[in-house]
Amino acid sequence: MNTILEKLYQSEVLTQVESQQLFTAIITGQLAPTQLAAALIAMKVRGETPQEIAGAATALLADAKPFPRPDYPFADIVGTGGDGSNSINISTSSAFVAAACGVKVAKHGNRSVSSQSGSSDLLAAFGISLDLPAEQARQALDELNVCFLFAPQYHSGFRHAMPVRKELKTRTIFNVLGPLINPARPPLAVIGVYSPQLVLPIAETLKMLGYQRAAVVHGGGMDEVALHSATQVAELRDGEITRYQLTPDDFGLSSHPQEALAGGSPEENRDILTRLLQGKGQLAHEEAVAANVALLLKMFGHEDLRDNAQRALATIRSGKAWQHVAALAERG
């Protein structure tokens, strides 16, 4: 371990295996707080590489509580959070709409990073249990096309890093790991990142982690597909990464100002998104979710983004997505 730490102090890059060893030590409580702080800051100042991020994610997945992984295609749609936008929960809403469109989503999430309401804050406000046993969550994925996996339930090792992370008060590699450590190990994903500089490195990380198809996105300061600005995309497909931009026109949707997506407390977000998922939402909210669902449907092989967006809008306006929220809430 001292050799690995010394490499970091010399601004050298760790291999994927070394990073995995380091993070295995971190999540099993083997590092002193000063060592942990030094390692995290050394990586941050130099800039974390895809192999270091992949090694860390591999360590966390190996330590995670097991989830009975399905053999059918399923996805996650998730953002790093921390974009500072304090917007409504686009990815959480998109998961329910995608489920109502007929694809399966195992959403991995946590409490808020920078907004007043993270994905699990919202789900709790909907009355959805955050601690369903893994078998019951898998059953919900089978029968309702959607389940939610609450990060702390599966990743107990995070607790060893929490005090240091809180004291450092700055972003570290842990801020990008959340979307990469879904214990269900989905082969497909749409992952939003808080900085355009992370789009390509996270796509390269997903390749190392063995994802079949995934899109990493950043849209005008937000960790999702945006309608107020062009969205930067790095798409991984069968081991190849393609970079491109998406505009509202690519989805056949209108442009909307970022302020139109402003969120509030979990209760306020619940009320806004209840109306949206019941088919009574605001146009800006409907179209923002439709754009994100459209890209997610592409990961399942539905290649036409305009068709996908129209399908998502029709689903939103039918109120079918709300049935999935209500059915999941009934399970505990």
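Cβ coordinates come from backbone N, Cα and C, glycine included.
Listed features, source Swiss-Prot:
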BINDING   Gly79, Asn110  anthranilate 1 binding site
BINDING   Gly79, 82-83, Ser87, 89-92, 107-115, Ser119  5-phospho-alpha-D-ribose 1-diphosphate binding site
BINDING   Ser91, Glu224  Mg(2+) 1 binding site
BINDING   Arg165  anthranilate 2 binding site
BINDING   Asp223, Glu224  Mg(2+) 2 binding site
Relative to the Cα of Arg165 (anthranilate 2 binding site), which of the binding-site residues Ser87, Ser91, Asn110, Asp223, Glu224 has the closest Cα? Asn110
Separation of alpha carbons, Ser87 (5-phospho-alpha-D-ribose 1-diphosphate binding site) and Asn110 (anthranilate 1 binding site) (Å): 16
DSSP-derived class (H/G/I helix, E/B strand, else coil) of Glu224 (Mg(2+) 1 binding site): coil
Between Arg111 (5-phospho-alpha-D-ribose 1-diphosphate binding site) and Glu224 (Mg(2+) 1 binding site), what C-alpha distance do you get in Å? 17
Filter the binding-site residues Ser87, Ser91, Asp223, Glu224 down to those whose C-alpha lies within 10 angstroms of the C-alpha of Gly79 (anthranilate 1 binding site); answer none if the list is empty. Ser91, Asp223, Glu224
Going by DSSP, give the three-state secondary structure for Gly79 (anthranilate 1 binding site). strand
If you count Cβ atoms within 10 Å of each one, which of the binding-site residues His108, Arg111, Arg165 comes out on top? His108
Any idea what the Cα distance is from His108 (5-phospho-alpha-D-ribose 1-diphosphate binding site) over to Asp223 (Mg(2+) 2 binding site), rounded to a whole Å? 15
Where Ser87 (5-phospho-alpha-D-ribose 1-diphosphate binding site) and Glu224 (Mg(2+) 1 binding site) are concerned, what is their Cα separation in Å, rounded? 11
What are the sequence-distant neighbours of Glu224 (Mg(2+) 1 binding site), meaning same chain, six or more residues apart, C-beta distance under 8 angstroms? Gly79, Ile90, Ser91, Gly192, Val217, Ala288, Asn292
Candidate with sparsest Cβ neighbourhood (10 Å radius) among Ser87, Ser91, Asn110, the listed binding-site residues: Asn110
What is the number of other Cβ atoms found within 10 Å of the Cβ of Asp223 (Mg(2+) 2 binding site)? 29
